[in-house]
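A quick write-up on the structure given underneath.
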Amino acid sequence: MTSLLRIELRKLLPYSTFWVLLLLQAALLFVFFYARGNVMVNGQMAGAELYQFPKLWMHLTYVSSYLNLIPGILIIILVSDEYTFRTLRQQVIDGYSRADVVQSKASVILLLALLLAGYVFLLGMGFGLYHSKEGAASMFTEAQYIFYYLVQVMGYMALAMLVAFWVRKTGLAIMVFLAYTLVLERLIQWQTPDTIDKYFPMKALSALTPNPHSELEQLMLGITDFLTPGQALVPAVLYIGLFGFLSYQLLRSRDL
Amino acid sequence: MADILEIQGISKRYGAVQALDQVSLNVPQGSIYGLLGPNGSGKTTTLGIVLDVINASAGTFRWFGQPLSKSTKRRIGALLETPNFYPYLTGEENLRLTAEVKGVAPARVGEALQTVGLGNRRGDKFKGYSLGMKQRLAIGAALLGDPEVLVLDEPTNGLDPEGIAEVRRLILHIASQGKTIVLASHLLDEVEKVCTHMAVLRNGKLKAQGPVSSILATNDLVFLNGGAPLETLLQTALALPFVAEARLTDQQIQVTLQNGVDSSELNRAFFAQGIALGQLVVRKKSLESQFLEIIKADHA
């Protein structure tokens, strides 16, 4: 897997599209955190209240989850590029198996997820230390949310990978991905009882980073049944595995 | 000699289209094997199947007597249809990547670039290469790791005459090192100039296969007239045991002799029947007419 990743890095590092999207994601995360902290609530900066350890981790990962589509789109571009350039075909001719192809993209997904989670963690430390009033004894007590975020962003990218392997065309794959994540699943959820739809991919993934004000939300929207982040971890990991497995099956069953 | 590649009855169906129908062929070691056929005859499909990128609907194939695996892939260098590289990487970066995929030492990259004459353009991006350079880079990539077999699909496609000559020289040079080369082409003259063995495909069916000499150089045509009415000449010719085919064309009789029969034997036979031929012309069949004959065989 490390040699697969090394080969992927040879493709990625000189690729400007990769850097543009990665820097965009990093910049937007920063802007989101900064803006949310600077909203004035009752004549006071929200950050002063929101960005206190340890609840800051829950806040930041919830905010970060709004930006998961960008890493997804990046993965779609990276996968569909291999079809556009026909390099996928060439690499299978040159020695890759179908499993190698999926594993090499999975290694990129893991790397990106680690980078993003690490970045959010660093931003959290920065904002937290800047705003913290008292000593930082409880700094890491809720840092597990960083791990939940890591799994969540991997889930988005794994779904994006599957869509890209399935559709193969960049533009169309991005549209299918956005349509499913933003519209389609919600429409299905609407028709499905809460007890079942909480296990749907997007809902299970979003349950990993709950809204810190969820009590209010639940009261207003009348949501009765939801997964806690710890409970959502199991379906989320299963979905990631499933998306990878389906990608492999797609590659196996079709001509390249 | 052992066969490098054995194909047993492979078929491929795309919906209603039968792209390949029960094709079986053997590529002997050390041969330059031409896969000849018009566009859409199934050449690329055949190569795609044995290179693991197209799933056959039926049939089997073996490389070096083994099923295809990572280790057999290492012994094959292949270029299928178009040169496939990352446009934003340089020629050298692209080949380094190929080397790593193949598990070949990156030190071989410079050598491969030199062989295909891209040494001085190694630092330029692939998207800036001309068609000929792209094609040469693809051949360079196929050569990485010193494979025992080279599979080249239309390697001279889109090249100018100089580039074509260069690629052919390269192929002959590689073959002289004892490597086996499988070459798909729709150009007869390319196959004749380069190949030792050939197979002819048409509409997914195998029409002929074997050494180029046995497929192309046999069955000279003999044209006869004079000495008797054409109708008599035709009847006489048809009655001879060593005449494979005879027909009336263009105010003369066109006779195809069986293998190994000399035209003087024909003359003697006519004379024995009391006909002194006015004219007897032997014409080596042009490659093109032979090719057309082979691919038309299914209409007969």
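Residue 1 is the first one shown; counting continues down the chain.
Cβ coordinates are placed from backbone N, Cα and C, and glycine is handled just like the others.
Unlike curated entries, TrEMBL annotations are predicted automatically.
Here is what TrEMBL records for this protein:
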TRANSMEM  A:12-36  transmembrane segment
TRANSMEM  A:56-79  transmembrane segment
TRANSMEM  A:108-130  transmembrane segment
TRANSMEM  A:145-165  transmembrane segment
TRANSMEM  A:172-192  transmembrane segment
TRANSMEM  A:232-251  transmembrane segment
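Within the chain, the transmembrane segment (A:172-192) has long-range Cβ neighbours (under 8 A, six or more residues past its boundaries) at 69, 72-73, 76, 79-80, 156, 159-160, 163-164, 166, 200-203. For the transmembrane segment (A:145-165), the list of distant contacts is 57-58, 60-61, 64-65, 68-69, 71-76, 78-80, 102, 105-106, 109-110, 112-114, 116-117, 120-121, 124, 173, 176-177, 180-181, 201, 205-206, 208-209, 229, 232-233, 236-237, 239-240, 243-244, 246-247, 250-251: same-chain residues at least six beyond its ends, Cβ to Cβ under 8 Å. The transmembrane segment (A:12-36) makes no contact with the transmembrane segment (A:232-251), as judged by fewer than three Cβ pairs under 8 Å among residues 6 or more apart in sequence.
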